[in-house]
Structure formats: C-alpha cells, structure tokens
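All remarks here apply to the structure that follows.
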Amino acid sequence: MRLPGSRYARVWIPDPEEVWKSAELLKDYKAADSVLHLQLEDGKVSGGDAVEICPLHLTITLSEQWDLEYKLDPKTKNLPHLRNPDILVGENDLTALSYLHEPAVLHNLKVRFIDSKLIYTYCGIVLVAINPYETLPIYGADIINAYSGQNMGDMDPHIFAVAEEAYKQMARDERNQSIIVSGESGAGKTVSAKYAMRYFATVSGSASEANVEEKVLASNPIMEAIGNAKTTRNDNSSRFGKYIEIGFDKRYHIIGANMRTYLLEKSRVVFQADDERNYHIFYQLCAASRFPELKALKLGSANDFHYTKQGRNPAIDGVDDAKEMSTTRQAFTLLGINESYQMGLFQVLAAILHLGNVEVKDRDADSSIIPPNNGHLLTFCELMGVTYQDMSHWLCHKKLKTTSETYIKPVPKLQAINARDALAKHIYAKLFNWIVDHVNKALHTTVKQHSFIGVLDIYGFETFEINSFEQFCINYANEKLQQQFNMHVFKLEQEEYMKEQIPWTLIDFYDNQPCINLIEAKMGVLDLLDEECKMPKGSDDSWAQKLYNTHLKTCALFEKPRMSNKAFIIQHFADKVEYQCEGFLEKNKDTVNEEQIRVLKASKFDLLVELFQDEEKATSPTGAPTGKRTVLSVKPDKSRQGQASKEHKKTVGLQFRNSLQLLMETLNATTPHYVRCIKPNDYKHAFTFDPKRAVQQLRACGVLETIRISAAGFPSRWTYQEFFSRYRVLMKQKDVLPDKKLTCKNVLEKLVQDPDKYQFGKTKIFFRAGQVAYLEKLRADKLRAACIRIQKTIRCWLARKKYLRMKGAAVTVQRYVRGHQARCLAKFLRRTRAAVVVQKFQRMHVQRSRYRRMQAAALAVQCILRAYMARQRYKALVREHRAVIIQKTVRGWLARQWYKRTLAAVVRLQCCVRRMRARRELKKLKIEARSVEHFKKLNIGMENKIMQLQRRVDEQNKENRLISERLMGLESSHAAEGERLRAELSRLRSAEDDAKSNANRVTTLLEELARLRKELETTRSEKKVIEDWAETYRDEMEQMVAELKEQNGLLKSEKDDLNRLIQEQNLQMTEKMCKAIQEETQQLETDLNEERSRYQNLLTEHLRLEERYDDLKEEITLSMAVPKPGHRRTDSTHSSNESEYTYNSELAESEEGSRGGEDVTRGNLDMSLFLKLQKRVTELEQEKQSLQNELDRREEQFQRARARDDEQHKKARSAELEYESLKRQELESENKKLKHDLGEMRQSLSGSAGATSAAPGSPAYKVLLDQLNASCEELEVRKEEVLILRSQLVSQKEAMQHKQTMTEPVLYVEDVQKMRDAGEITQAYISLKDTNRSPQFLRRPLEVNELVNRLRSPNPDYHRLNEDGELWLVYEGLKETNRLLETQLQAQRRSHENEVEVLRGELQSIKEENNRQQQLLAQNLQLPPEARIEASLQHEITRLTNENLDLMEQLEKQDRTVRKLKKQLKVFAKKIGELEGGQVENVSPGQTVDEPIRPVNIPRREKDFQGMLEYKKEDELKLVKNLILELKPRGVAVNLIPGLPAYILFMCLRHADYVNDDQKVRTLLTSTINSIKKVLKKRGDDFETVSFWLSNTCRFLHCLKQYSGDEQFMKFNTTKQNDHCLSNFDLAEYRQVLSDLAIQIYQQLIKCMENILQPMIVSGMLEHETIQGVSGVKPTGLRKRTSSIADEGTYTLDSILRQLNSFHSIMCQHGTDPELIKQVVKQQFYIIGAVTLNNLLLRKDMCSWSKGMQIRYNVSQLEEWLRDKNLMNCGAKETLEPLIQAAQLLQVKKKTDEDAEAICSMCNALSTAQIVKVLNLYTPVNEFEERVAVTFIRTIQSRLRDRMESPQLLMDTKMIYPVTFPFNPSSLALETIQIPGSLNLTFLTRV
C-alpha cells in the first residue's frame, strides 16, 4: 500500500460500463497538478481520445500505451478514491475496510460474490444478501445447529446469524425484536424471511406437542400461493407486504404467530403484463383440474381463461404447479382448514376465473348487455350460489341515488368490463383477508405471550417505465423505513461513542423527512388525493393540477415533467421517480358496485356469505385477528356498528398510511435487525454480477448511507489487545509496558503524528478512514524489511556454506585429479617400456615371417618357372608334330580342291545348259512353293509331327543304307574277280553317291546339332529353374518347419501360461470369494451398525416420549392437587414429589391409576394430544419391536455365517465325552476312596482284635455307629446320583405319584442321548449333586477320613461298630456301585463304538465328496477357460449354499433341543428335590437311633457362602432407595470396588432365583430399572452420575450373562462361578431391557459430555493461539469476533485436554469396560473434529496458512493424549482425519495442476463441497500470502466431478456411533464381596 498521491498508489476512477475501475498512479501527485497520470490495471479500455464520465463530469484522456490522464475538478480538486490493501479485500464486514466509499464496497461485494461464491456480507448492522439465482446447500439443519448459540461476529455472515442475534437479544434483554427484510423484486426477500422463520422454528421449538413451528412454516406456501406471482424480475415475487410476529413464552419456545399484510396488488388479478403471471393459486388450480374432486369447478388449461393468459407465458421453468397445489393443500390441512373449506376456497377462485371470461357486448353507445345463457357466467353463478338474472343485470347496470329518488342506469361496455374486473378484485381481496384471518387463528394460542420476534418482508424501492399508485405507496413505505433505519444507525453510532467516552460530533446525514412531509403532511400528495376523491367530479387531471399549484414552487423535491401534464416527479432518497396520475383516484377509491355486493351477500354459498359478513366489522385491509397478541399489535377498532359504513369508505391511501403508522410504532418499540437483499442482474443468471444494477440498489437500500455515516466518524475500531497483537512488530522492546493500553497509546503517538486521526476509548481505539491502511503499510514495510534482512542473512549463510562446500569439493577434486594424473603417468611409462619390448619381439617376428615368406615364394617361383619351361618345350614338340600332320592334310586338301575346281568347271558348263531348262521348271516350283508355304501356315501345328516323321524316315534310310552296303559288299565279293572294271566304275559311282549322301547328312547333322544345343540350353535353363525352385522350396520348408517349431513352442508356453492362468484364476477366485465373503461380512456388519444406530435413535425418541408422558402425568397430578386454577407448584413441592418414589409391580394397578387420573382431568386436558401421544408411543413400540426382531435376525445370521458345522460337532462330542468322563472319574474316585477307607477300617478292626474292646452300649461305639450311618447315607446319595436319570426314565409313572402337580413333559431316553451342550449337562449334573446335598438331612454326615481317624484312635469301640452288619451293608453297597460303574462303562463303550461307526460313515462320505470333486475338476480342465471359470464358480456357489442350508438346519435343531432340555432339566431338579425329601422321611429304622446320645465335641467346617443376599419383600423399597436413589457416586467410586451396586443387586437377584420367587425377581428388576431412570432424569446433567450408572448397568448386564448358564458365557467362568449360575429363571428378556437402558444411559452420557465440551472446542481448537505469534489478527468491522488471545476465562487446548483427562479418570474409577471407554473416546474425538471443521467451513477469518499450522499442532496434541492413554487403536484418530486434511489443505501449494492433483489425492476424507468451500474461504493474513485463483478452484471441481458423495457441506455433530457392549466377565467371586456399612444395607443377609 502506497501513500495517497505517491507513485504506484492504486485508485478508483469512474467508468461508464463497470461504474468503477482500478488504476495506478504513474507519477507522484503534487498540489499544483490538475491532471493525474494513471495506468489501468486490467488494460481493457477501448480506444478513443477522451471518455466523459457523465455522473461526475470528469474527463479521462487515453494514450496509445493504455496510459490515461485523469483531469481533476478545478473547483474541488478532489482526488480519486484510494484502493484498500489486498489483504482487506473480501472481508466479512464492509466496515472493516480501511477506506470506506462506494467503489470499495462494490469491489468487496463483487469479489465475495463472484470469486468466493459468498452471498452474505455484513455492512455494520446490515446484512447484505445477494441473490445467487441458484440453490445453495447452506440452509440445512446442520448449518442451523452450527450457528445456534454463536456470537454474530464469530461466524461468516448469514441470515441465520442475524436470526440468532435477534433470538439471543430477545432472551438476554427481554426486548422484542424485528428483522426487516427489504429489497427489489427478485432480490430474494421472501426466501430470506422464510429462512429466518425456519431458523426460529428449528432452534426454539414449540412449548407443546402441537407443532406450532410447523404451522408457522406451513403458512409460507399458503401465502406464496395467494400472494406471490411471476414478474419480469422474479419468478416468485411477493405482491404484498407482510409482518409476521412469532410469539415466545418465558422459556422462549414458539407458542404462536400473527401475520399482518399490506397493500395487496389487486390489479394483478385482472391484468398482467407480458411475460408475467397472475397469482400462483390460479395456475395451481388449473394444473390440478383433472383431479376428481375438482371436476365440478369446470376448469381447464390456464390458457383458457382471460385472467391467466394475458402474460402469454403461463409456465415457470422448473416449477410443477400440480405438485405445488398438493403442497398448498397439505399446508391448509396442517393449519386446520378442513377439506370442505378448502373446496369452498377453490370454488371462489374458480368463479373468479370464469367471471373473467364473461363477455360483455355493446347494446348501444351508452349501454351494454351480456348475451343470454353465457356459459362462464352460468358457471360463475352456479359456483357462487347466486341467480343468473341478478348478476347479469347488475354487471351491465348501476344504481344512482339522490336525496329523493333512486335511478337504475345502464353502463357502456367499457364501464361494465371495469365493474366486472372490480368485482373480481374485490372478491379476491376478501378471500385473501379471510385466509390471512384463518391462518392467524390457526397460529393463535391461549398461552400468554412473553415476547416476540417480528419478520418484515416488504417490497423494496421500485421504479418502472410506468409508475402508478402501487409504486407510489411502496416508495412511501420505503421512505418511512429508510428514515427509521437512518435514525437507528445514527443512534447506534452515538451510543458507541458515548460508551467509549469519545467526544461526539454531530454527523450530517441525509434526512428524508421533507420527502415524507411532501407525501403525508397536510396538503400533501395523499391529502390532496383523498380530497379529490371526495369531489363529485374529481379526476386525475384536476388532481394533477392541484399538485402542480401546491408543491411545484414550494417544494424542491417535487417536479413536473417537461412533456406531460398528467404526471409528477418526486425526489426520493434513492432516486427520482416519475408517477403517472392516470388511475390514482380509481385505485384510491377502490369502488365496487354495491348492488353486486348485495347479490353476493344473498348467496346460498356459506363461505361466500362469510367472506362478506365482516365488511361491517373491518377497519383495515390488513385482516388483523381479534385475539390479543401484544401491546404493539394491530387491534380492530371497537367502534359502534353505525360507523361501519363510514369506516368502509376510507380510501386505500388513508388505510395504508394508518397501517404503516402502526407498523412504524411496532418497529420503533423493538430492536431492529436489517437485511438488504440485492439483485445482481436482471437476467436471473447464476452468480453474474452487474455493477450498475448493484450500485443502484446499494444506494436505494441505505447501505451506502450506512457507510457514509460510519466513514464520517471513526469507522475502524480495535480493542487494545487486538491492536497490540497485530502491530507488535512496530514496537521496540523498550516500548512494551505491562499496561497494554498505555503501550498502545505511546506507540500510536509515534506512528501517527496527527492526533485527530484517532481517539482512545475505554476499551477500543477509534481510527479515521485510511489510518488502518496506513498502519498496515507500516506493518508490511517492517515485515518486508525484516524479511529482507532475514533473507540477506540466510542467503549469506547459504552462500558461505555453498562456497565452503565448493572449496572443499575443489580441493578434493584436485587431490583426486592429481593422484589420477600421477597414476596415469606411471601407467604410461610402464606401457611405454612394455611397448618397446613388444615392438622388439614383434618386429623380429615380422622379419622372420617375411623372410620365410620370401624364401617360400622364391622356391615356388622357381618350381613354377621350371615346370612352365618344360611344358613349353613339350608344347613345341607337339606343335611340330601336328604341323607335319596339318601340312600333309592341307597338301592333300589342295590337290583335292584343284580336282574339284576342275570338276566344277566341267559341271558349270553343264549347268549353263541345264539352267535354261530349270528356269522354266522354276516358275512351276514357285507356284508349288507358295501353295506349300500356305499349307505350312495353315498346318503350323503339324511341324512337330513332321519332324518326328522325318526323324523316323532318316532312321529307316540309315538302316536301308546299311543293308544296301552289306548287299553291295556281298555282290562285290562275289563278282570282284569277274567284274573288276565294272566294279571300279561302280565304286566311282557309289563314291559319288556317297559324297552326295554325306553332304546331305552333314547338313542334317548340323541341323540336328543346333537343335540339340538348343534343347540342351533349354534343359539347362529348366534345370536351373528347377534347382532355384528346389532351393526356394527347401528354404520355405525349413522356414515352415522353424515356424512350426516356434508355434509348437508358443503353444507349449501358451499351455503353460493357461495352466498358470488357471491356477492364478483359481487363486483369484479363492481370493475373490474370500473377499466377497469378507465384503458380505463387512456389509452385514455395516447393516448391523445401521440397524443398531436406528434402533438406538428410536430408543432415544422413545425415552423422550416417556419423559414427555411423565411430565404430562405430573402436570395432570398437579392440576388435580391444586385447588385454585392460578396457583403454581413451588420448588419444595417439586422436590418432595421427586423424592417420593413408590414401586408397584402390578401393571394393572398403574393403568387403573392413570385411567383414574385421566377421568378426573378429562375436562381440562386436550384428549387429542393424549391420543396422539398414545398412538405415537404405540407406533414407536411396534417399530422398536420390529427393529429388535430384525436386529436379532441379523445377529443370528451373522453368527451363522461365521459358524462351522465341524466345530459345532466337535464341540458337542467333546462336551458329551467331557460329561461322561467327568461322571465316570468322579464315581471311580469315590469308589476307590470308599474301598480304601473300608480296607483301612477292616485292617484296624482285625489288627486290634486282642486289645480291650468297648462294650456295645458304650458312647464311643454309638459315635462310630452314627458316623457309619452317615457314611451309608453318603453312599446312598452317590448311588442316587448314578441312578437318578435312569430311574426317572424307567419309572415315569412312579415319579408322577411323588408329585401330582407336575405338568411339565418328561425327558425321554432319546432326548437325553441328543444332548450336545456340555455346559448345560454339567450344570444339570452339579445341580443334582447340590440338590442331593441340600440341608434336609437331620444330621450333617461326617467325612470318611474322620471315621478312619477315629478307628485309628488308641481305644476304639469295635464291637458296636459292626453291630447289625453295617460293614457288610457297606461292602454290598460298594459292590452294587461297582456293578453300576461296569454297566455305565459298557454303555459308554457302546456309544464310543457308535461314534466310531458314525465317524467312519462321515469319512466315507468325505471320500465320496473328494472323488466327486476330482471328477468335476477333471471335467472342468477339459472345458475352455471361460466355461471352466464359470463352472467352478457355479459349483462353489452350489456347495456353499448347501453347506449353509445344512448348517442352518443343524443350528435350528440344536437350538430347539437346547431350549427343550433347559426346561426339562429345571423340572428334573424339582423332582429330585422332592424325591430326596421323600427318601429322608422314609429312612429305615436301622438307620435311626432313638436312644439319647451324649453330646460329643465334633469339629465343624466354616460356613461356605453361596454369593447370595437375602432380603425381605418389604425391604425392597429401602434397598432401592439406599443403593440407587440416594447413593453418591463419588464416595462409592473412590472407596469401594467398581460396580459394587451392580454386584449387590445381582446377589439379591440370585437369592430370589434360588428360592424360585418369580414375583420377587420381577419386582426387583423393575424397581432397579425405574430407579436408575429416575436418577438419570433428576441428575442427567452430571457426567459423574451418568458414567457411574452406565458402568453399573453394564456390570449388572454382564453378571446376568455370566451367570445365565449359557455356554457362550460360562466358558469364561471358574468352576465356583459356574456353580453360582441362575437355576430357575431365564432372564434373556430382562437382559434386552437392560441393554436398552444402557444404550439410553450411553446416549445421555454423550449428550452430557457434548454439552461440556461444546463451549471449549471452537475456542480451544480454532480461536486460541497455541503457538503464539504465528497468526496475526486482521482488522475487523463492527461485528467483533471472539479474540484469539488467551484471556482469563477463555478456553484453550489445555482446557480440552484437562476435560478429557477428567472424563477418562472418572470412567476408569467407575470401572467402565475398556471397550466402552474406547467408544466414548471415539465419540468425543468425533465431536471435537466435527465441530472444529464445521466452524472452519463457516468462518472465513479462520481459513489461513497460519491457522492450518495451529490446527495441526492441536491435533498432534490430541494424538499424544491418545498415546498416553493407550487408546490409539480405538478409532478416535480416524475421526479427526477430515480436520487434519482441511488443515493440510490450508498449508499446501495451490497454484499448478500438479498441486490440484496432489490435493485431490490427499483430501479423500473431505467432500468436494468442503474442499471447494475451504479454497473459497482461504484468506491471506499477511501480504506475503496469495489468494487461491478461481481457475484453480474450477480445476479442483472438474477433477472431483466423478466423486460419488453426499452434497452435504457440514458434518453431522449430532451423529452418535452405535454402541455395543462386548461381554466382559468378572473374575471377582461373589462370595468374597463384603457390604460396607456406609451403604446402610444391614437388612441384607449373606447366604
């Protein structure tokens, strides 16, 4: 930030398009300069030399480089507005800006709206709301809960924050509040008011079960349907104003509401402009006309009616009118308007539509007529219940009254149409007021109202092209509201200055009182309008002239248009508005034909008559209810009925002025809160900002006026602590004093020289505009200088470190390089020496090789030369020899040639002669030749045949010649001697013939040779081709073989791959199936958790209803007990009633008592409420039962899925074997023991036979005899233990004779053999022993060891010991016992053999199954891979299904068997007890001694306690009172064992079970549960109490499970604990009740813990600076947020950790189960994380880099706490993952695409909405940080578009994880528990 006027300072300059543009100074400004040299920052200015800014009359000259010259006004020399530092841009409160002016406000709103998508901004006391034209997820219940209870400055701006502030001030100051919502049409006023009412309804709730808040919200759709319509600016524009008072009682619960309406736009009923609609209700009716109940209305499409089709666009995009109709009807029903009234309303509305379609025609110029039998008029009359003739007559006529006569005059068509429209408007207005009245009646309550909050939803300032009476009234109302707003702002500023004791200087602000006087004062616009309405011939023109004459010259705010005499202009506070006078008088009169009204009053339609009945009673069109509301509510005028007509004639303007005056009185008597709605553009585009339109509305709604008032004084205000924390960097150490206030004063005097720029208040420092920017500049400069210095030092250190590293590296490199060079030199020298040696030997080798080559070459040359010479010599000899032969041959040839030439000459002569002859013959031959050539051409294909024939001819000639030569030789040989001469001649002739033939042969041979050569060449070429083809073929074959080999290898590898793939697929299928089973298990667990959560939520709801029911019963009791209706119960009565607690186990008595109470109070109680409650309770109980059944089914299914049949079978077999072995071992041990004792007695008797013996009647003999009898009795008991089951099975009839009353079935032998539960069998066996050993014997038998000791005594009496053969009887008993044991062993052996057979059968079945599996596997291997996988899957699924079905059947069968056996074991236990009683009574005479026995000192064992407590039935109340109601948890937790009350209660319960008293068991459990509920209801806010009873309830539940006798619980017990199991009653149902109670206590504990932690979380996790100095405090506005400095009383992170330690230590002291502690800690951390993250998402000031560091540090401290407590595995850390990722998101880089990818992968626990919200809210605290670019946020959104997640923004802080209570058995023995005297339980007796 630069100083004002300095170079590079940034300023705002006017712009015709964007209103304001940012520029930067290029040169320093001097006082004499008239031009500023600027440069635009965006560079988007279009070309041109000069731009004139008309509003400010400034000229800006542009240059070619986008530089411009800004000419200052020569008169004022005002500089352009300075820009705020970037760090202040986007603030929540506009008053936090250092420079407060219009461009700063506009820019801040634009940045928040466009870049950050934030629609709410504070402007001092005003909430500015910009309509986003898009549905945003910021109005849910989670957002409401987040804003509830928060300070207004602590959270981001929101309509909920304003509503919370109003609610809080109402409760704190006990003053009524008002929320004033204003703005243009389409700005979102109605929606804002609706959300404010929704907030009140959600936060406060209703005081009763009548759902008042739902009725208040239900009024919205009704009022929108009948009062909202589509306009060109808004699809849901409110065409009336309303003020809703929401009433609260003393506890600030909603008890009712009241609505006032203002100025309904009735003209819309009959006329709509283009692209507009009538009221929504008409289109809803038309859309629902197809419904059967609406067929009688004869409606159709909206385009069929004149009143709904004038806008030519009857539909709204995205709105279903039929669906909206259903919503409207539901709202009517909720508000108590029944179906008949609804149909009546729809009938009236349909009649209005039909009335609009009534056609009026001209009869003549002055009259009109309605055609007879007009369909729409007939429908109208039918619906309204009036006569057709009367209505058609008075629609076209009117009645004129004079003093003496009455005239009926026809009216022309135009007036008739106007009268028709006026009637339609009047009917609709009456219907509107009737609905408002009934809505108010439905919202009215008889409870006294303590306070209220009013929500004013009223039209904003309006200006159109044509402004009429409606716009005039609207702008008049806005003038009044603006005046009230200005006065309130002025008042708040004054109060702030006075509170801080700062000198108050009068601030000049715009006062619009003159404009208001112009409108409402005497002779004002409204006064003149009313006066003109009273004139007989008054008109709009005459009224306009009166206005001109009265105000044109006297009032500066009134003007006359230049080109019109029927309009006027008023200068309002927002803008000048031109009003057209036409229609003012008519609308102000609001006249309607009285005769038409009389016709309607005479209707047979009851609702229509009711609509017009209140005309005599009405005083205003607001329709205020008659019931009492508040002192400030509008009340009807209780004037005389005679004035009704006069009141009815009040003009609309007068009525509106009166109602407006009442509204202003109401607002002035309340504390107002302002919401200004801004419309960002006129095209309804989402998040599109039009600066021109925004500035117009900011000026019109008073926001800029607020800014101007604030800027005129000291707009920036800092507390001393905030100033010290922010600007501590500007102070020196010596300036810091202990008194921070004095420190701030001293420093500020040094920093700011002008003392007028600031003022010191009591708690704050006030700054003028711009001073905070100046201080921020100084702070930034100081930080920049410090950063530069730090950078300089660090860079120096880094450079020096780098230099030292480089130096060390250079030395090291040099050392290594030099060493390397030295090693290279040595290596070079060694290589050189080696090279010389190598060269020597190499050269020697080369020379030797060269010599040898030359020698060999010389020898070779000589050899070749000599051979050549020899060959040459041989060749010369051969040539000479051949030359001689050639010479010989040549010479002979020459002689022959001479002979031939001679002969040729002779022949030539002959030829010459013959030539002449031949020429003649030649011609003939040529002719023949030609024919032959032709023939050859024709028969060219016959040449080959001819050649063959020729060759054959030649061969035949050759043969003939040989034959002829042979013949001639024979002839010559025969005639040689005789014919020598003739032979010579013949020889010569034959020689000649031979020569000729040889010549022919040579020619033939030459031709044959040429042909053969050609054939040879052809053959060679063919051979070459064949060889090439063969080579090619061989190559191809080789290649084919290689390819085949390669394919074979590939096939092998593919086969291996397929085999491997099959194996992998098998593994994958196995893994997949395991994964599927695991996923199914996880899904079942998830479903189970969901069912648990739902069930626990229903328990909570059930508990709430029970508490409500108890409260109502108490109220009924009080109302019965109180004698006077106005008397209230005092606290002492309340406490005494609470302390008294009576228990009744009989449900019938309580029901009769409740019925009696209901009968007594039937007159004063709302029975419908009780019926609803009872119905709701019944439904909840049914749903609870169904959920419990479903939960049991799911748990059973889950257990079945995890169980296996083999384990169960083994367990059953092992249990049976264990039982058999236990029984056998015990009997064997007893038998051996008795044998041993008998043998010792015999030895003793035989060994001491010679000693002195006692006489048979001596006392010692009697004692021994008694002991022997006792031993016999013990033996008989043992025998009974063995034979009891068998005797009971065999002699069932005899057993029935012992107990005639027994009705239970008897156990059969086969049932006994089917017993599988070893625990139950063992328990039954032990119970039999205990029963047999019960203290029913007359004497306690002595031990056998004692008997042996007596026998070994010095003087035993042996004669009496064996009297009557007792020893023989003992011996016989032992033999009988041995026989029984042998029988049992044989039976056991047989059972073992049967088991072996069964196991063999199972083994055989397993083998068969294995073979079948192998066959299937072999078949599958033959299938293709796809079919193989599918077949394997199908087979596996089939197998698993069959196994599951078998397991389910076995489990069900075993469950049935176990239940049956349990019942039968109880029966047998009773039977055995009775049998033993009978046996004791029937003792034989030989076993009893009637003689008197002298007392003998016999030692007895100490009494063995059974872990039971006995109490009397009348002491039950005392037990519950002392142990539960009046017990102090602190003393019990510190001094006694954990869970002592639970142990005591269970020990009492055990005794009741022991004595088989079901009534006692039931009453004890019921009393216990009810007492615990009562304690929790009374002290439910005390964490220690709730934790104590949660621990004891869980311990009591665990005791019921541990000692229930179920095997799953007994396996954790000791033998002694198993002996203490319950024997008579199955308390499984009570275990479920106790589990439900534990769930309720757990939820109460979580709520109590949440209430304690909630105030600490935000302060400790977010606001408090755990690491001091990391984050600075930014400038704040009027809405001060909570300080982050740790003041006294402020919660810190240490406070949270201390509270967590307290929770943990309390639960540990109470003995809470460790698993339950883990669940509580997990819930604690979830609450901490959720609340912290929600506040982070709703607080822009918390989203910074430094705050992310603070959060991560705080989270690390919480994790450290978990490590200290060994709770890291409880899942608590995972609940903080969203908060950790949000903190990381604040600290990571946010620029490039790589950063976006990293963020998307990192923030997997955050939703897309949460990530985008954090990025939008990210705010730099210092100038060194950068904002997140909009393009980066869009990149994140595009990357996260495919995420499937919930669109919810905030986490659900009310979510409670479903709790489970894992079984935790106690190792404490019940018999060792001692009851302390402090509990006052002396009436309990240990058993």
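Yeah, the Cβs are placed from backbone N, Cα and C, and that goes for glycine too.
Source: prediction; values computed, not measured.
The domain 'Myosin motor' annotation in TrEMBL covers 89-780. Positions annotated as ATP binding site by TrEMBL: G183, E184, S185, G186, A187, G188, K189, T190. Look at TrEMBL and you will find 618-648, 1120-1162, 1184-1229 tagged as region 'Disordered'. According to TrEMBL, the region 'Actin-binding' annotation covers 660-682. Under the heading coiled coil, TrEMBL lists 939-966, 995-1115, 1371-1471. Under the heading compositional bias 'Low complexity', TrEMBL lists 1135-1146. Annotated compositional bias 'Basic and acidic residues' per TrEMBL: 1152-1161, in sequence order. Positions annotated as domain 'Dilute' by TrEMBL: 1566-1842.
TrEMBL feature annotations superimposed on the structure.
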| residue | record | Cβ contacts under 8 Å, 6 or more apart |
| --- | --- | --- |
| G183 | ATP binding site | A129, K189, G460, R676, C677, I678, K679, Q697, C701 |
| E184 | ATP binding site | R233, G460, F461, E462, C677, K679, Q697, A700 |
| S185 | ATP binding site | T231, R233, N234, S237, S238, Y459, G460, E462, K679 |
| G186 | ATP binding site | N131, T231, R233, N234, S237, K679, K684 |
| A187 | ATP binding site | A129, N131, N234, G460, C677, I678, K679, Q697 |
| G188 | ATP binding site | A129, N131, C677, K679 |
| T190 | ATP binding site | E224, N228, N236, S238, D457 |
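Mean model confidence of the domain 'Myosin motor' (89-780) amounts to 83 (pLDDT, 0 to 100 scale). Highlighted in sequence order, N131, N234, S237, S238, G460, C677, K679 have their Cβ within 8 Å of the centre of the Cβ atoms of G183, E184, S185, G186, A187, G188, K189, T190, the residues recorded for ATP, and are not part of that set.
The Cβ of K189 (ATP binding site) has 27 other Cβ atoms within 10 Å, all protein chains considered.
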